[in-house]
Amino acid sequence: MKSLLDLFKQFTPDEHFDAIKIGMASPEKIRSWSFGEVKKPETINYRTFKPERDGLFCAKIFGPIKDYECLCGKYKRLKHRGVICEKCGVEVTQTKVRRERMGHIDLAAPCAHIWFLKSLPSRLGLVLDMTLRDIERVLYFEAYVVTDPGMTPLKKFSIMSEDDYDAKRKEYGDEYVAKMGAEGIKDLLEGLDLDVEIDKLRNDLTGSEIKIKKNAKRLKLMEAFKKSGIKPEWMVLDVLPVLPPDLRPLVPLDGGRFATSDLNDLYRRVINRNSRLRRLLELKAPEIIARNEKRMLQEAVDSLLDNGRRGKAMTGANKRALKSLADMIKGKSGRFRQNLLGKRVDYSGRSVITMGPTLKLHQCGLPKLMALELFKPFIFSRLEAMGIATTIKAAKKEVESGTPVVWDILEEVIKEHPVMLNRAPTLHRLGIQAFEPILIEGKAIQLHPLVCSAFNADFDGDQMAVHVPLSVEAQMEARTLMLASNNILFPANGEPSIVPSQDVVLGLYYTTRDRTNGKGEGLVFSDTGEVRRAFDAGELDLNARISVRLTEWTKNKETGEFIPSTKLWETTGGRALLSEILPKGLPFSNINKALKKKEISKLINVSFRKCGLKETVVFADKLLQSGFRLATKAGISICIDDMLVPKEKHDIISRAQKEVKEIEQQYVSGLVTSGERYNKVVDIWGKSGDEVSKVMMAQLSKEKVIDRHGKEVEQESFNSIYMMADSGARGSAAQIRQVAGMRGLMAKPDGSIIETPITANFREGLNVLEYFISTHGARKGLADTALKTANSGYLTRRLCDVVQDLVVTEDDCGTQEGSLMRAIVEGGEVIESLRERILGRTAVEDVLHPENRSVLAKAGAMLDEDLIDELEAAGVDEVKVRTALTCETRFGLCAKCYGRDLGRGGLINIGEAVGIIAAQSIGEPGTQLTMRTFHIGGAASRAAIASSVEAKSNGVIGFNAPMRYVTNGKGELVVIARSGEIVIHDEHGRERERHKVPYGATLTVKADQTIKAGAILANWDPLTRPIITEFAGKVLFENVEEGVTVAKQVDDVTGLSTLVVIDPKRRGATKVIRPQVKLIDATGNEVKIPGTDHSVTIGFQVGALVQVRDGQDVGPGEVLARIPVEGQKTRDITGGLPRVAELFEARTPKDKGTLAEMTGTVSFGKETKGKVRLQITDPDGKVWEDLVPKEKNILVHEGQVVNKGESIVDGPADPQDILRLLGMEELARYIVDEVQDVYRLQGVKINDKHIEVIVRQMLRRVVVENVGDSSYIAGEQVERSAMLDANDALRAEGKIPATFSNLLLGITKASLSTDSFISAASFQETTRVLTEAAIMGKRDELRGLKENVIVGRLIPAGTGMAYHEARKAKDLMDDAERRAIAEAEAAELEAATATAPADAGGDSPATE
């Protein structure tokens, strides 16, 4: 059998492997791979096209050119297999060995491997503890290195120039050895004793921070060498392997020219220089000539390995840099990304898509010709089985002739054989779905309208690809997992993906609207059949209000049977007819309203939860049919008279123009600054635009009609444009506003707003100037879109890469940890309800009823819709749930911590690749996000000019913990907290709203006061920021000197003067002084902060207007100074995609705020130039201090007590600080909330758990702090799971485990620092990753998906996970079996020797 296999050389499936190890090749290893030395640079003889002997394509070394035929033609055919021809020396075998046989070049002088030299950090430099510059000088023959100092005072490793060398030669003679080039470096490497070095370094791990870091790096490297058995001198090459010739082909073109791989050129150069050097050495040429040749050889080898890494790249004849071995594997077109991660697929086709409204959800229309081509092999086999064709060739002929029997067979073959459709770009898993093909005429693929939103497809010329799953297993997976009717929810948020859009929505909306005084209003019907007859007879309008007796089916929870109940409903004709398609178990109330797009989505969602998948799919198909039919019947059209321009528009605009004139007037007379004028003008126009659109929508949305009693009543309008927008079919209020209201303010390309608005609308038409202004925005939009797509794709790629190995690996990790979830309330509005946050998660502990403490949900229960209804009814406002971050599963996640699989609606299955799903969910809507950076201070801050806050609901007032306030002389409560919030609770004590209140606001409510909706809670001056005193006393100015720290400003108009704090360094003041106020009590002493001996000091910031005089009496809550908000610099707020990327890359924001490092009391130390020294003293007297630039806004004052992690200097928080001071949970909350803010602004819903999954991966590395008994080095970064495993092992042995701290890495860093070198190399920085891995002798355990794709195995996710587990179990059983057999044999042998007669052994002693 073996010989038979050999005969056809069919590769048997490779034996299984569980890991891949990478290392460095020793010269012996390279020689053992080689089949001979390449001595000549010749390639092929260009007349005979035969390879030259000993050349780069030599047949003797690499194998024959024709199958089973030697070069000279002496031996041909299979019978001479394995013979080596004595004439030409070629082995008679298959030609494909030319793809696998390697050669080698013996280098006349050693050459350093450029990767270990130049890939930063330089490994050679680390090992030898020399600088890269020095090593380069030695390698490229500019300096000598001492390799053996002998008895001289010279130091080993020291560098000397030519002149030094000559001088020392004269001085010491041959006492010492110094060498140049790679030989010198090689000698040094050979002279290293790893054990000695390691011991030395281990003892040296003390001293300065930098030294420790460097030593730790060296130590790690040395230990890696020792562990992997790699000798450092292998970093210098003596032998160069030569790639098999068929992998660097040379192809003759017609006309006597050749197309060749660049590698051949590079190899030729190496061989040429090498043989020249060999000749020079044999001739004993002068040192300087040989040296030059050696340098050139080193450069040639460098170029071959990595061209352009050092110096100028070698170029071919056409001035193009040659593609070296390194270029072959890196980058988008390198081996990893081009061939291993992205392969071309056979059995696939592509075509344009069109609409297939008659298809069922799980079907697609496949053009006959395409199907014939794709299913050819199946047809061939059927033809043979039926005996119509005897050979494949005959079958082929039969198919090509296109006889009727072929089409019959095609129908048969295609039946129940799903195909997969894919639309590029495939941004999430719904971008590939399986369908059952239906054969159609024509050449376009027909697609079901409802799956368009999942594919993001439209029919304006989109193309889609078809793939055929061939094996039975593949067909089974396609059918069960990928069939379109099994994927009706978005994995990103669990909402239905098969929601109708556009005309279907319009049809359903029109049908379910009600009209006053429609034909047949007030009729009563006994069932829907009667309604249909009346409608068909023309006696009934769809929109007429009628009464119908309808039967509803409710499901009995115990038995699962449907029980009918009948009652009379007041409804409309259209709704009654629509009720015929409702599935059993879905109440009529769900469609007894005007169905807008959102409502239809809800309807399908409810149907899925209540009636299950199958019913829902059927229902969706019926909805689609009804929608199309009714939209056609409704005959909604659009005409210019539908665009009603409001009469009030003219007045609003002229009023705005008048206001703008007034402001211009004020500006001219110097009352307002240029910036204020611009802001106010933009503000006026913004408000007016909104007003016009409000008036317009009010006019569009209502119409007056006569009811059947002859009275005039208002009803919702049947205006076509309004209906399209209102139903969600097409268009929006903003677009209607441009058509029929006014276009409003336009932005310049840089994002700033042009202050003259476009007052016209499209109905009236724009004039030239207005048209010109509006082209600005349109062009910016187009340019943005192109950029956005690329950036969004790159973000998705980085996200996928960081989470690609995260798979659900077990049911339950048994953790008791979790996160406390409550509704997110901002500015009084519930942005995300508790329901949305906990739906589909697992409770950590029992959820109790707030009043009677009964258990509502048990610990470990999945919180589904029904349970959450109960929780909401009971008034639970916070629940502790399990999250991906707190999951304790090693190398994966557990199903309980992840919770519901949003795409399928049940608990997540083991083997689901939740990481990839999370990355796709976040990346897919990326193209919808903006690329914009908002300029705050322009009109974008319009929203910020709020001056009061009012309650939205009735309830009881409460304040949050940081809220502090004082009562001033007028009895008003003045807020002195920086992060105070007013909370409103309902009668159950549930939080209803939460409002932030700025520092210096006046509260108009007290704690525990009951208020009604609409009550004002607090108000403040939005244009200035006050500086307030908390204590009473007499004002004592310090350092308030006119002309030094303050300047007198006289107002031109009013003639009043105020003091303005100026930056003292501008006025040539020698020492930096800070103007401030102290308070003096009645006895003349300084007022102290209660409980401390700090005096009350209140500092003034630059730009503050001082409001009090020296010696004035002030009470608590009084304003000492005001800072005009206009004086604040406009700061850019990063929005959209760049913000999301910034968060996931964990970048430190520019102008970041400072958080308190510890809990304690604030004080200010001695100032330095331009900086304030801020100190915090904790209760034990430990002091932490920070220098804060003067222009920063400091949020605390002398003597204030702050908590660890509280914000003390204004600015965006740094995620690293949050992790360090507040811990992982707080960090996760911060990233989740910030990312959600960006998506929410665009109206995109993403479930929190996807972001948590990414954050888990960003936190997957830890830093070793205390080594304990582990083999780690302090400061080393380790995979968290590996660390925990190692610690468990140490504890089991009773040793001291290592301690570690959390490390937050950005997604790019995290991807590159993964333990899998294959995955990291295929992501970015291929050279660096591979160099490091080779030196460390790394093993890749092939845990992630990417590694497995690259090595060509099934991925360990989904069905592949079960396969790998079964395989491993079988291997274990086989091992055990082998062991058992061996043991049995040994036992038998032993028994045999024991029972053998004693004399048989000759002189063996008798057994006693």
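The first residue you see is number 1, and the count goes up from there.
Just so it is clear, glycine is given a Cβ too, placed from its N, Cα and C backbone atoms.
What Swiss-Prot records for this protein:
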- Cys70, Cys72, Cys85, Cys88: Zn(2+) 1 binding site (BINDING)
- Asp458, Asp460, Asp462: Mg(2+) binding site (BINDING)
- Cys813, Cys887, Cys894, Cys897: Zn(2+) 2 binding site (BINDING)
- 1389-1408: compositional bias 'Low complexity' (COMPBIAS)
- 1387-1408: region 'Disordered' (REGION)
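Features per Swiss-Prot, on structure.
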residue : record                : contacts (Cβ under 8 Å, 6+ apart)
Cys70   : Zn(2+) 1 binding site : Ala59, Pro64, Lys76, Val83, Cys85, Lys87, Cys88, Val90, Glu91, Val92
Asp458  : Mg(2+) binding site   : Cys452
Asp460  : Mg(2+) binding site   : none
Asp462  : Mg(2+) binding site   : Val352, Ile353, Arg423
Cys813  : Zn(2+) 2 binding site : Cys887, Glu888, Thr889, Cys894, Lys896, Cys897
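Listed in sequence order, the residues of the same chain lying 6 or more apart from Cys72 (Zn(2+) 1 binding site) and placing their CB within less than 8 Å of its CB are Cys85, Lys87, Cys88, Val90.
Excluding the listed site residues Cys70, Cys72, Cys85, Cys88, the same chain places Ala59, Leu71, Gly73, Lys74, Tyr75, Glu86, Lys87, Gly89, Val90 with Cβ atoms within 8 Å of the centre of the Zn(2+) 1 site Cβ atoms. For the binding-site residues Cys85, Cys88, Cys887, Cys894, Cys897, the ranking by surrounding Cβ atoms (within 10 Å, all protein chains) places Cys897 first. Within 8 A of the CB centroid of the Mg(2+) site residues Asp458, Asp460, Asp462, the other residues of that chain are Ile353, Ala457, Phe459, Gly461. DSSP assigns Cys894 (Zn(2+) 2 binding site) to a strand.
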